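Participant: Heads up, here are the entries from TrEMBL:
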BINDING   SER9, HIS67, GLY149, PHE150, GLY151, GLY152, ASP182, GLY183, GLY184, GLY204, SER205  substrate binding site
BINDING   HIS34, ASP36, HIS67, ASP182  divalent metal cation binding site
ACT_SITE  ASP36  active site, proton acceptor
ACT_SITE  ASP182  active site, proton donor
Amino acid sequence: MTPPLIAPSILAADFANLQRDIELINRSEADWIHVDVMDGVFVPNISFGIPVCEAVNKHALKPLDVHLMIVQPERYIDAFARAGAAHPDRPGTILVHYEACTHLHRTLTQIRETGCRTGVALNPHTPVELLADSLDEIDQVLLMSVNPGFGGQSFIPHTLQKIRKLRHLLASAGKTALIEIDGGVGTENIAELVEAGADVLVAGSSVFRASDPTEAIHTLKFFNQTAPQNVRLA
Ligand SMILES: O=C(CO)[C@@H](O)[C@H](O)COP(=O)(O)O
């Protein structure tokens, strides 16, 4: 089985030591760096914006996975692309929320034109079937497995059913968009998430609250490999 892609969320990093935490991700087996942008309107919390994304990009060696939890995301797509998501050597993804887009097709076209991969995020209550007529424009679907706005929340079990439905929707349409899960991901649920069809796992608390974040990333990525046994040599 191909290991899932792991995207540590810097929302749970130490903002006073952001460079240190980005460099930790660079050296780890993580695949992407997840950047959670919150505006205090679409979600009841404010995280950070374009200057912090630029600062992350300055030290990052891995693609940025920029999750815009903001209203009218089309106003800021070009700025986040320039801030690092569209890096020429490691192009990343810009994700907009389905619930925040009046003209989703236009917004996804705008993201494609920046050179970034396109992503659509769905809140826990939003059915995956609503994406049926947009699959040609989508490289990645992010299913929120907590209500967006805060790290450290409990995983919503209904997400497993949504992953299976989305996997079926994509297969029936012959599409290869990646399925990304965000919120409450950890060693206790990663096996069932991957078994249900998840390709990318966002992990905030389970990485940055661990005593050894590098080891936590390794454990998430290689969750299905048994630890080597100590062999006593004669
Ligand atoms: O987008 C969000 C929250 O809105 C997530 O990316 C969280 O930051 C994930 O955090 P943990 O649940 O892993 O702590």
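FYI, residue positions are counted from 1 along the chain as it appears here.
Cβ atoms here come from the backbone N, Cα and C positions, even for glycine.
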Participant: Here's one to test understanding: among the binding-site residues HIS34, ASP36, HIS67, whose C-alpha is closest in space to the C-alpha of GLY149 (substrate binding site)?
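Facilitator: Sorting the binding-site residues by distance from GLY149 (substrate binding site), the top entry is ASP36.
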Participant: Measure from the Cα of SER9 (substrate binding site) to the Cα of every one of the binding-site residues HIS34, ASP36, HIS67, then give the nearest.
Facilitator: HIS34
Participant: Using a 10 angstroms cut-off on Cβ to Cβ distances, just flag whichever of SER9, SER205 is the loneliest among these binding-site residues.
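Facilitator: Among the binding-site residues SER9, SER205, the sparsest Cβ neighbourhood within 10 Å belongs to SER205.
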Participant: Per DSSP, to which secondary structure element type does ASP36 (divalent metal cation binding site) belong, with helix, strand and coil as the options?
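Facilitator: Once the DSSP labels are grouped into three classes, ASP36 (divalent metal cation binding site) ends up as strand.
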Participant: If you measure every Cα to Cα pair among SER9, HIS67, GLY149, PHE150, GLY151, GLY152, ASP182, GLY183, GLY184, GLY204, SER205, the residues listed for substrate, what is the largest value in Å?
Facilitator: 17
Participant: For a quick check of packing: other C-beta atoms within 10 Å of the C-beta of GLY149 (substrate binding site), how many?
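Facilitator: Result for GLY149 (substrate binding site): 18 other Cβ atoms within 10 Å.
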